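To start, the structure itself, in structure tokens.
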Ligand code: GLN
């Protein structure tokens, strides 16, 4: 079996880009190798790995979980089904956070629900003056966040615990979060590989709810950990912008705003104390 033949068979079963990437991961070949030397023989163990991945991908398993990593903001993060796969729309949250941090000397930042660590690690690397604490209730997530921080040489204080519990008595200039916000009954949970992702990271686990339970909790308790003038920024669903602004205003926050993602969809809301 040659590279060309392996790719041709796979492209009949899965997306062509996914097929190419999986073949590269399985064989160690680069894209250039595939183009320049398509007649190269694929050795049996590599072909066995590739075939298994193609079958699992055809059954809906996300590519990032098959190969154990995903790229975000130009960096590679290790992932497993214990953590959410990085989404490009989360870049909006990071850009807004960096904008707020520009005006603060030695800012202290809290991130809630870190998962693989993409937000805390991106902020630590792109705003080197920042002191950042990140929290996740999942022991596995904290393991991934710590390892990713170590591999990428980011200074991040990773703590296991429930929302604000691990930061009792501590104060921050900025609190950021990409919390679970999909409603339990949302039909999207059955699509696009979401069944393979951790339910705990996607939904607020409230039967027949609106998906906002975690956001409500964060908004209700953020003031206990924010310096005067401190910002709270969080990601949310396409139809949760107005509800998010209302929650922020009702909790005493000022200048509540919503920012769209690159697709023009309401994605991040925030306000200051
Ligand atoms: N935006 C993700 C999705 O719709 C959900 C991320 C989250 O719940 N924080 O798949």
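Cβ atoms here come from the backbone N, Cα and C positions, even for glycine.
Curation plays no part in TrEMBL annotations; they are all automatic predictions.
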113, 114, 115, 116, 117, 163, 178 bind S-adenosyl-L-methionine according to TrEMBL; which of 95, 136, 140, 204 goes with them? 136
Distance check, please: Cα of residue 115 (S-adenosyl-L-methionine binding site) against Cα of residue 179 (substrate binding site), rounded to an integer number of angstrom. 10
Average the pLDDT scores across the domain 'Methyltransferase small' (97-186) and report the rounded value. 97
Going by Cα-Cα distance, which of the binding-site residues (179, 180, 181) sits nearest to residue 113 (S-adenosyl-L-methionine binding site)? 179
